[in-house]
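Everything on this sheet refers to the single structure shown next.
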Amino acid sequence: MSKQVLLPYAQKLQEMKLFVPLCSYFLLSGIYAPKALSDSPPLQDVCPMAAQGERNVFMNGLLCKDPSTILASDFKTLLLNHAGDLNNMFRSSVNMVTATEFPGLNTLGLAMARTDIAPSGVVLPHSHPRASEMMFVHGGSVVVGFFDTNGRQFQKTLGDGEVFIFPRGLVHYIINYGFGPSTTFSVLNSQNPGVVGITHGMFTTDSDVLEGLMARMLKFGEMGLSDNGTAGLPWTF
């Protein structure tokens, strides 16, 4: 076969050899594109677009101070230095501090919380749609746990100085498992984590269902699950 006949085939073969690495390059470019090219995550539940004539300044977050007016006091807070009111049905109190209350948190992607629970008190199942939570036990003994999307339960008993993680968006709970009050402090990786109260959204505080749920949660410690890493239970709540 003459060189003139083989030449087109050689050119096509060369083009095919170049095509494969080019496709791989564009695919990897899409996967590993700089974060700046993607949308920032929302810092509120919803943000519908305003009509053209109604567009004032509504930011996804909070406006920054003039740099010349920033003070050291902007980075200090006393909002978590006292226990909350435990005189309620759940015998617990959660105080969440976000950038709205603590100016120094703005743009840092952080929020904090203090949880106080009386003996036999509970923090009912809830989730944070925009943040994971790292919880530190400052005093007392608690049973904590969360459920993954398959309904599997992850539960542990914690004492002073121990830390537990609640992954972002997963339903979790806390129970005072000791004979005295318990206190925990948490750090969440969003300046506005959000709180979705599973039971509060469905039942009133004087509901018999809520009372039954509290009793059921307080029995978790008696079920022998406190020291298990995981438990293959059906969705309990």
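Glycine too: its Cβ is placed from the backbone N, Cα and C atoms.
The feature disulfide bond is assigned by TrEMBL to Cys47-Cys64. Residues or ranges marked as domain 'Cupin type-1' in TrEMBL: 87-211. Taken from TrEMBL, the feature Mn(2+) binding site applies to His126, His128, Glu133, His172. What TrEMBL lists as oxalate binding site is His128, Glu133.
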Nearest-integer angstrom distance between the alpha carbons (Cα) of Cys64 (disulfide bond) and His126 (Mn(2+) binding site): 31
Residues within 8 Å of the His126, His128, Glu133, His172 Cβ centre (excluding the Mn(2+) site residues themselves): Ser127, Ala131, Phe146, Phe166, Leu170, Val171, Pro193, Val195
Predicted model, mean pLDDT over the domain 'Cupin type-1' (87-211): 90
Per-residue Cβ crowding (10 Å cut-off), top of binding-site residues His126, His128, His172: His128
Tertiary neighbours of Glu133 (Mn(2+) binding site) (same chain, Cβ under 8 Å, six or more apart): Ala113, Ile165, Phe166, His172, Ser186, Val187, Leu188, Pro193
Residue distribution over DSSP helix, strand and coil in the domain 'Cupin type-1' (87-211): 7 helix, 56 strand, 62 coil
